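Residues or ranges marked as active site, O-(5'-phospho-DNA)-serine intermediate in TrEMBL: S19. Summarising the annotation, TrEMBL assigns domain 'Resolvase/invertase-type recombinase catalytic' to 11-150.
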Amino acid sequence: MNVQAKAVTGCKVGYARVSSEDQNLERQFEEFRRFDVEKIYFEKVQGDKLDGDRPELLKLMDYIREGDTVYFASFDRLSRRHLRLLSLIEEIKAKGVAIHFIEEAIYISPTVENPYDELNANIFSAFAQFFKKQLKIRQRQGIKNAKKDPTKYKGRKPKLEKQQKLDVMENIILGNCCYSIMQKKYEISRSTVWRIAYQDPTLADERNDFIKANLENQLGKLEP
């Protein structure tokens with residue numbers, strides 16, 4: 001199969017995606033620079049999300065025109081779901097737009113039917129989904145086995161220890177400091193501060209004590 005870059009008459013458009021905020025898009029950008037991609041859409045979102053949760057992908061689909069070529073660093077940057085990947089490929093081809101998957105070295109023309117490229121697209125996508133499922137199965141089995149030995153499996157480590165949660169609860173309920181101070185002190189979100197102070201079921205008794213103490217303080221201020 002010929003995997004050399006094809007001559008492009010329209011615009012070269014790239015789509016880059018990573019799954020989380022702490023992941024870097026630079027590697028994908030470097031791939032695009034090798035092919036002189038002119039316009040790039042990028043976002044940080046899970047690859048199995050519905051299209052409505054991927055606004056940059058929707059913008060790309062609206063932007064591309066006949067004669068353009070869309071570049072993806074790999075299959076899973078477009079979609080992690082096998083059927084959705086193939087559906088998106090067909091949607092792009094229907095616009096008269098070519099597709100280039102860089103890592104897999106596959107170029108899909110919108111006009112020339114190449115059964116080898118279509119076959120490879122199916123094979124690579126199916127294998128990617130298969131290995132993803134196998135990884136999840138191994139992870140679940142590993143957790144199941146580890147749970148048999150309590151010394152090995154402790155579950156997810158809580159963000160805050162109990163004493164730290166009590167510190168948050170006391171300061172918020174008694175009004176000793178504002179939410180932002182607790183957020184900065186323990187590097188947690190405002191919603192987490194609120195949940196610890198007013199919802200955490202493991203601290204129900206302590207919460208009642210703090211609420212009672214706060215009420216007594218407020219009543220004390222009203223006494224002549």
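Positions of Cβ are set from backbone N, Cα and C atoms, glycine also.
Taken residue by residue with DSSP, S19 (active site, O-(5'-phospho-DNA)-serine intermediate) is part of neither helix nor strand, so it is coil. Around S19 (active site, O-(5'-phospho-DNA)-serine intermediate), taking its Cβ as the centre, 14 other Cβ atoms fall within 10 Å, counting all chains.
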